[in-house]
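Structure first, commentary second.
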Amino acid sequence: MFSNSSLYVPVLVCLLSVLCYQLVQFIMYMDLNKRVYNHVPGECNNIASMDNGAVDMQLLSQSSGVLLVSAGLRLYNTSYSNKTGAIYAYNITSRTSWEVTLDSKTLSKKNFNPHGISVWENRQGKITIFVVNHRNKKADTVEIFKYQETEREKKLVHLKTVKSPLLTNLRDVAAVGPEKFYATSYHYFNNPTMQSVEVMLGLRLGSVLYFDGSNTTYAHRWIGSPTGIALDKSKKYIYVASFTEGKIYVFTLEKDGNLTMKGEIELKTSPYNIVVDDLTSDLYVGCQPVKMRFFRHEASPKEYYAPSQIIKVHGRPTTMKWTFSEVFANDGATISGATVGVRYKNMLLIGSAFNSMLACNLDAPNLL
C-alpha cells in the first residue's frame, strides 16, 4: 500500500508542470519573449503639424494625394486624454495640413471623438466619409458625412448618425455603400475590469456588425478583439484584423450582408488597422509586436512607450497565397504604438493614437 505522502509528490509535480506551462503560454501570448530591432525603409521625419495623434488614416484618392486623419482620440478607460477630437487633412505632396470643418447641428468638439475612418466614392466622384465616434462613455456611433471641397474650405457635412445597442466598443468601420458599412466591436463586455480579463485571456468574444442602411445586425461573431476592417479592391472580400489572435480573417461578402469565412492570414504579430493599397491591392497593416507593452502604453501613453511595426501583405484572396515584408519597425522611441500605415507613391505615412505622424521615404519601393 502507498502512504498518503507518497501521492503528494507526483500530484505536486503535475500541478507545477501545469502552472509552468500556463506561465510560458502567457509569456508567449503577451510577446514578452520578443525583441524589436529598428528598421526603416528610408529617411523618416516627424510631421510637426500633426501632433494630435493619427489613430487611423485613409487616402481620399490616389490622384489627390490628400490623407484624411482621425486625430485626438480619447479612450475613456485610460488615464490619458488627447486634445480635442477632429478630422484633419494632410497633403502628402505639399506637406501641409488643416483641420476639416464639421458642418453639423448635433456634433460639436465635446461629443466628437473619432476612431476608425472609411472613405466611399461613387461612380460620379461623390465622396462619403464614415467615422467611428466614441460620443461618451456609454455610447458609440458611426457618423456619416459628405465630403465637400471648395476654394475657400474643405468640410464634412453631417448626413446621419447611426445608433444601435449593438454598436458598442467600436474600433473601425468599412463602408460598402453610401449608407452601408461593417464595423468591428472590440469587446463583448462594457465593464472595464471584464474588458481587461477578456483581452488578457485572449477570449474570442468580439464581433463584426453590419448596417444595411436601416438596421444593425451581427455579420460574424466570436473573433478575438477585432480592430481594423477593410474592403478589398474588388469589393468582393473584406479583411478583419484580430488583435489578440495575431491574424487577419478574410471573408466573402454575401448579398444579404452576411460574411462567409474564406480563410486566415497568420501574421504572428498583433494587427491594428488595415489599409488596402488602391493601386496594388497590397495590405499595409499597423501592428504591435509586443502586446503587453502596447496595453501599458494605451493605458498610460505618457509613462510607457510601445514598439511599432508596419507589415506589407502581398497576395490575393482568390488564391489565399500571401507573402510578407516588414516595411518598418521601431522600438517605440521614434513612434510608439503605431496603428496604421499608408503608402503613397514613394512615401510611407505612419500614424499612432498618441504620437505625431511619421513620414518615411521608400528608398527601394520596388523591393517592398
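Every residue gets a Cβ built from N, Cα and C, even glycine.
Database features, via TrEMBL:
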ACT_SITE  His115  active site, proton acceptor
BINDING   Asp56, Asp172, Asn273  Ca(2+) 1 binding site
BINDING   Ile117  Ca(2+) 2 binding site
DISULFID  Cys44-Cys360  disulfide bond
TRANSMEM  6-29  transmembrane segment
> Could you tell me the C-alpha distance between Ile117 (Ca(2+) 2 binding site) and Asp172 (Ca(2+) 1 binding site) in angstrom, no decimals?
Replying inline: 7
>> As a test of the contact definition, list every same-chain residue at least 6 positions from Asp56 (Ca(2+) 1 binding site) whose Cβ is closer than 8 Å to its Cβ.
In response: Val69, Ser70, Pro114, His115, Gly116, Ile117, Asp172, Asn273, Thr339, Val340, Gly351
> What is the one among the disulfide-bonded residues Cys44, Cys360 whose Cβ has the most other Cβ atoms less than or equal to 10 Å away?
Replying inline: Cys360
> Do you know which of the recorded positions His115, Ile117, Asp172 has the most other C-beta atoms within 10 angstroms of its C-beta?
Replying inline: Asp172
>> What is the set of residues, excluding Asp56, Asp172, Asn273, whose C-beta falls within 8 angstroms of the centroid of the C-beta atoms at the Ca(2+) 1 site?
In response: Val55, Ser70, His115, Gly116, Ile117, Arg171, Thr227, Gly228, Ile229, Tyr272, Ile274, Gly286, Thr339, Val340
>> Test of understanding: give the count of other CB atoms lying within 10 angstroms of the CB of Asn273 (Ca(2+) 1 binding site).
In response: 29
